[in-house]
Every structure is written in C-alpha cells, then in structure tokens.
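Here the structure is laid out as structure tokens; the discussion comes afterwards.
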Amino acid sequence: MGPQACGKGTQGELLSKELNLPIISVGQLLRDIPESHPRYQEVQGQLNSGVLVSYDLTVQIINERLSEKDCKNGYILDGWGRNIDQFEFFDPHPNWVILINIPREESLKRISGRRYCESDGKMYNIYTLPKEELAKCEGPLVQREDDTEEAVNERLEIYYRDTQKVIDKYRNEKILLEINGLGTPQQVFARVLSALELAQKISVE
C-alpha cells in the first residue's frame, strides 16, 4: 500500500515473481469480472458511474478469487486494506503489510506528468523520461482528466484522510514494513526484499 504513484503495482509484480505467489489487484479484479458472473451488471454499473464498488460486493469478489488453488500457499493483495472496514476484513491479519512511502510532492510530480500516446496507447512521463524516450511516441501526448494536479490533490486528500488510522493499526500489530519509495524500481525492490528478510528473521527468533 501507499499513496498514488508510489510504485506499489510495480513492486507487487516484482515480489510476485520473486516469491512465486499470485498478485491480486482488487481494482483489476473488479474490472475483469466475466460477463457470466451473476453480479456482473452490478459491478459494471458501479464502475461506470465512477463510484467505489460497494464493500459487500467487493468482498464477495475478493473471497471468490482467494478461494482458488493458486492462493493456497499465499498471495499478494494490492489495493485493499486501506481503511478500517477493509482492515477488519482480514481474519487472521496479513503476515506483512508493505507501505511504500513517497513525499506528497513526488506523487504530484509522477501523476501530473503522466501522458498517454494517442498513437500507441503507451504511458509516458514528461518529468522523468528523457527526451529520446518521449520522442518514441508518434502521436500527441495527452493528459487524462483524472491526472490533473487538482484531481490528484483530491485523491491524495482521500488517501491521507482514510489511510492513516489503518496504518497505525498495522504498525501496532507489528506487521507494517515501511519502505522508502524514492529511486529506481530495482532500488526500491531491494529495500522491500531486505525488509521482508529482516522481518521474517525477527519473527522466528
């Protein structure tokens, strides 16, 4: 978990490959729900209206996914556990919660600099990518409406308002691993692995 654009999706993918565990993105899980699912229309209706999918519906979809065979030996959950209701969902609580921290200004820079190429659909960042990389886009680079500074600030306000209490709970449970999210993805991943290794060592002593 962590603020927007902290790189948690990237770190989750790297950790999934390293530990050979499935990574489950709650947002992607909801977006990919098959049309054959009995609650497909309900999920799609809430997604299309721009509101958060209801708690009970999301819990049902998550539980269905966690009951599959590939989750038997563990899993990595991305996009869940960010408020008190979601915290109470875990029984027992997770082995570890990885919090990737970046300054608010860095979140703003990473997100407000994002552009997608209308030609190939790829994402670019005008603040972090060198000019030769940006030049690979053959079409105009366009900013999404929800990536403007105003929209990003609103999302960050929600994150900091709703998440701090649950972060404190994870910290009190002694399952929170706090990671510096600045640097390259590989530098951050090295910190994640070191924190997990140390936490595992301490937990068995």
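Don't overthink the numbers, they just go from 1 along the chain as shown.
For all residues, glycine too, the Cβ spot is worked out from N, Cα and C.
TrEMBL: automatically predicted annotations, no manual curation.
Keep in mind that this is a model prediction, so the values were computed, not measured.
If you look up TrEMBL, you'll see A5, C6, G7, K8, G9, T10, R114, G183 marked as ATP binding site. In this structure, G7 (ATP binding site) belongs to neither helix nor strand by DSSP; it is coil. The C-beta environment of G7 (ATP binding site), restricted to residues of the same chain at least 6 apart in sequence and closer than 8 Å, consists of I100, I102, G181, P185, V188.
Counted within 10 Å of its Cβ, the other Cβ atoms near R31 (AMP binding site) come to 12, all protein chains included. If you look up TrEMBL, you'll see R31, V51, L52, V53, Q86, R144, R155 marked as AMP binding site.
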A5 (ATP binding site): tally of other CB atoms within 10 A of its CB: 23
Nearest recorded site to K8 (ATP binding site) by CA-CA distance, among binding-site residues V53, R144, R155: R155
G9 (ATP binding site) and R155 (AMP binding site), Cα-Cα, nearest whole angstrom: 17
